[in-house]
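Engineer: Attaching a single structure in structure tokens format; questions to follow.
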Amino acid sequence: MAFRHLAVARLKSLLVLCAVLLLVHAMIYKIPSLYENLTIGSSTLIADVDAMEAVLGNTASTSDDLLDTWNSTFSPISEVNQTSFMEDIRPILFPDNQTLQFCNQTPPHLVGPIRVFLDEPDFKTLEKIYPDTHAGGHGMPKDCVARHRVAIIVPYRDREAHLRIMLHNLHSLLAKQQLDYAIFIVEQVANQTFNRGKLMNVGYDVASRLYPWQCFIFHDVDLLPEDDRNLYTCPIQPRHMSVAIDKFNYKLPYSAIFGGISALTKDHLKKINGFSNDFWGWGGEDDDLATRTSMAGLKVSRYPTQIARYKMIKHSTEATNPVNKCRYKIMGQTKRRWTRDGLSNLKYKLVNLELKPLYTRAVVDLLEKDCRRELRRDFPTCF
């Protein structure tokens, strides 16, 4: 009889151990999608559908959780920097409290329209406002396991006031949405023509080496969200987030626009080969992105205009970001060149990587002279 009780006890212990191992395996290799069983019938959401239902129905995480290794011209980021991020994830993937649950499918504290902060607190003040943010601008919920791991990629140069305003607004929003996130500021070195698309590719490459992100949101520094229901999460299809901007009277300037803020999974970025590296100066890279998205068999999705709303910070034209006079010639060749222009041929030099309290700062040399020399082969009259 005693032997029988002992056998039953051992069997129960074995079953509990198996359950724990299955849970850990699931959390590492396939954290459940927010709404992986939901689908949408159209790539563009219709305005007369209930706004929040439309958001939820178009939210999913379909990419795997494993880090990818892209070929680049710089060595893998040091173990010290990787460890700084990975230490944060250990208690999430292997919690001491095995009863820790995933966060609610709908974040519980969303209110809809929110205050947009236009003041410019200094960095020390911002650190006091957001004390729970980890090194590198890495935030995550404390009382539940985040359902999404999101890297915010911001191309940047010489706009510190805008950066502080954006950080103030984004950290407030992203914490409320219960995301596991970090903000990456990808800063181009001085004395080069600004290249937004290539900075996006570099941001993706650097961020992917630090942490197993599922979703990448490419975000202009001068756009501030006006509604907290605009979820910064992984889309089923690539998503144009900045649908309604005050500068354009909250209307799309044209139907094919894919600029401002875009959200793509790792799988999407692989399929479209990232952004073009060849648009030096203002204009062209966002329309090129729309074309390569279509060529890869994907569609651009949007949330309803009453949710996907943004305020744009006013700014003057920058001397280092002149209008790209060759943009139309390059865009005319996108269908021919997109598979060999992007992540697949990305070349840059990582000058500095710094985990600041509110963001990760990556300073990069985009090797403009070398790239322009190569471009002359395809566009001899432009470069």
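Using N, Cα and C of the backbone, Cβ positions are placed for all residues, glycine too.
Pasting the relevant annotations from Swiss-Prot:
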- 1-6: topological domain 'Cytoplasmic' (TOPO_DOM)
- 7-29: transmembrane segment (TRANSMEM)
- 30-383: topological domain 'Extracellular' (TOPO_DOM)
- ASN37: N-linked glycosylation site (CARBOHYD)
- ASN71: N-linked glycosylation site (CARBOHYD)
- ASN81: N-linked glycosylation site (CARBOHYD)
- ASN97: N-linked glycosylation site (CARBOHYD)
- ASN191: N-linked glycosylation site (CARBOHYD)
- ASP222, HIS315: Mn(2+) binding site (BINDING)
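Where in this structure would I find these features, and how exposed are they?
Structural biologist: Summed and averaged per residue, pLDDT over the topological domain 'Extracellular' (30-383) gives 82.
All protein chains shown were included, and the count of other CB atoms within 10 Å of the CB of ASN191 (N-linked glycosylation site) stands at 7. Look at ASN191 (N-linked glycosylation site): DSSP puts it in coil.
In the three-state DSSP scheme, ASP222 (Mn(2+) binding site) is classed as coil.
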Engineer: If one measures from the C-alpha of ASP222 (Mn(2+) binding site) to the C-alpha of ASN191 (N-linked glycosylation site), what distance in angstrom results, rounded to a whole number?
Structural biologist: 22
